[in-house]
Amino acid sequence: MIKIGASILSADFGHLREEIKKAEEAGVDFFHVDMMDGHFVPNISMGIGIAKHVKKLTELPVEVHLMVENVDLFVNEFEEMDYITFHIEAVKFPFRIINRIKSIGAKPIVALNPATPLDAIEYILGDVYAVLVMTVEPGFSGQKFIPVMTKKIRKLKSMIVENGYDTKIFVDGGINVETAPLAVKAGADVLVAASAIFGKDDVKTAVKNLREAALEALNKDFLTKSFNSNEEKQ
């Protein structure tokens, strides 16, 4: 089952309570909160207070995405969060960060920028809950999905399966009804969308269309693999 996370980067912060409620009623599975420091990425976004406020406004899980240089300074601020995502490019001691996240009761997710090779996470792949594949350059909402990232997602899926891990694949960046099927066919388990949800007049319909597009791709992929498997047996 494909899960959908609503990134509040595109939400109306002047009416955040209402935005959260609309997304909940639309059927999103969790909320994704980006935190940018203006150093790791050029933009500055939500601070610690906003992430904590979102957590108070919903019963759904909340993931905080740390797009910051000094991950160590921020992890302990988010002990009430369900998932904490850090960038492999920002840390020297990833196992230490992973263990710290686990120690406060959250699930660790490691993120990779588009140009970062999968080799960078090879040795921590079995220790994280998920890998978040950035399909745009991090820092700004509304960017276009980078098509070649589907190759990266497929390779990551193969690494996970070959090693017998249960690690999930999150995909974040440029996700909409056109690109969601591409990510799902490549192996994504979770889709994070911002403007494709909060940028729409009818949030409920937007989430419905996004989920249907993802599930249709998943079902087609399953049927194709089943057909090919039967052909090989004959």
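Each Cβ is built from the backbone N, Cα and C atoms, and glycine gets one as well.
The substrate binding site annotation in Swiss-Prot covers Ser7, His65, Gly139, Phe140, Ser141, Gly142, Asp172, Gly173, Gly174, Ala194, Ser195 and rests on sequence analysis. Mapped onto three states, the DSSP output places Asp172 (substrate binding site) in strand. Counting only same-chain residues six or more apart in sequence, the Cβ atoms lying under 8 angstroms from the Cβ of Asp172 (substrate binding site) belong to Ser7, His32, His65, Ala111, Leu132, Val133, Met134, Thr135, Val136, Val192.
Sequence annotations record features per position, and here Swiss-Prot assigns divalent metal cation binding site to His32, Asp34, His65, Asp172.
Residues annotated as active site, proton acceptor in Swiss-Prot: Asp34. Cβ contacts within 10 Å of Asp34 (divalent metal cation binding site), excluding its own Cβ and spanning all protein chains shown: 26. For the recorded site, Asp34 (divalent metal cation binding site), the DSSP three-state label reads strand.
Feature annotation from Swiss-Prot assigns active site, proton donor to Asp172.
Ranking the binding-site residues Gly139, Gly174 by how many other Cβ atoms lie within 10 angstroms of each Cβ puts Gly139 at the bottom. For the recorded site, Gly139 (substrate binding site), the DSSP three-state label reads coil. If you measure from the Cα atom of Gly174 (substrate binding site) to that of Asp34 (divalent metal cation binding site), you get 15 Å. For the binding-site residues Ser7, Ser195, the ranking by surrounding Cβ atoms (within 10 Å, all protein chains) places Ser7 first.
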